[in-house]
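Here is what Swiss-Prot says about this protein:
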{"type": "ACT_SITE", "residues": "K40", "note": "active site"}
{"type": "BINDING", "residues": "E15, I16, G17, K18, T19, F20, D57, E118, G119, V120, G121, N178, H179", "note": "ATP binding site"}
{"type": "BINDING", "residues": "T19, D57, E118", "note": "Mg(2+) binding site"}
Amino acid sequence: MTAPLSLFVTGTDTEIGKTFVSAAMLHGFARHGLRAAALKPVAAGAYQRDGVWRNEDADQLDAAANVVLPPELRTPFLLKAPAAPHIVAAQEGVTLDLDTIVACHREALTRADVVVVEGVGGFRVPLNDTQDTADLAVALGLPVVLVVGIRLGCISHALLTADAIRQRGLALAGWVANHVDPAMSFADENVATIRDWLAREHRAPLVGRIAHMTPAAPESAAAMLDIAALVESLRAARP
């Protein structure tokens, strides 16, 4: 039996389409014949429906997955206010515990062929007084896929984040160019520069380039991802 795959999705910033790309990957994995599940371990920003607290990002992931995990497993820490998680957690009296997330991930791996773990915000977002999302990725021991929001400043943001990933001893399994600014000048040149630098310095392949979409359509975006290349990279990144 083939061991399940898993990856940690991070971004160069917040609001650069991390959930959108994660959902697209879930659709892509399903088309690749894999049972695909999602974890959104920490979500900040909740709304109530039918007396149940929910999160829009988690809803999008559930809609894209062909294996839907129970909410308490998919998102063990659902915070109500849409703000920095360590601030909201302190206000709500919640301790964001990495061991709990690791246990949820371990259980998720028994239910799917591939588990997409979406982080919160960028690569180094504090979760408590001493740990951040980079520590979470390390605790999970997962290869990382970096979503780069293609807009002004994206080259520096991409290279800095890739360096931070390597400094934590993690493999950068690939990156996705997500065109968040349709009016950006020299978008092709920016993508080419990031592609060349990340390939040379990190051996990280470009596994997708997603055009600007209004409204966002993860199922359509899945066709813009090279899922076969991503699966190969994830397998190569296994310890």
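Using N, Cα and C of the backbone, Cβ positions are placed for all residues, glycine too.
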Residue pair G17 (ATP binding site), E118 (Mg(2+) binding site) - Cα distance, angstrom, rounded: 11
Shortest C-alpha distance to E118 (Mg(2+) binding site) - which of the binding-site residues E15, T19, D57: T19
Sparsest-packed of the listed binding-site residues (E15, D57, E118) - C-beta count within 10 angstroms: E15
For D57 (ATP binding site): DSSP state (helix, strand, coil): helix
Where G119 (ATP binding site) sits in the secondary structure, as DSSP reduces it to three classes: strand
Residue among the recorded positions K40, H179 whose Cβ has the most other Cβ atoms within 10 Å: K40
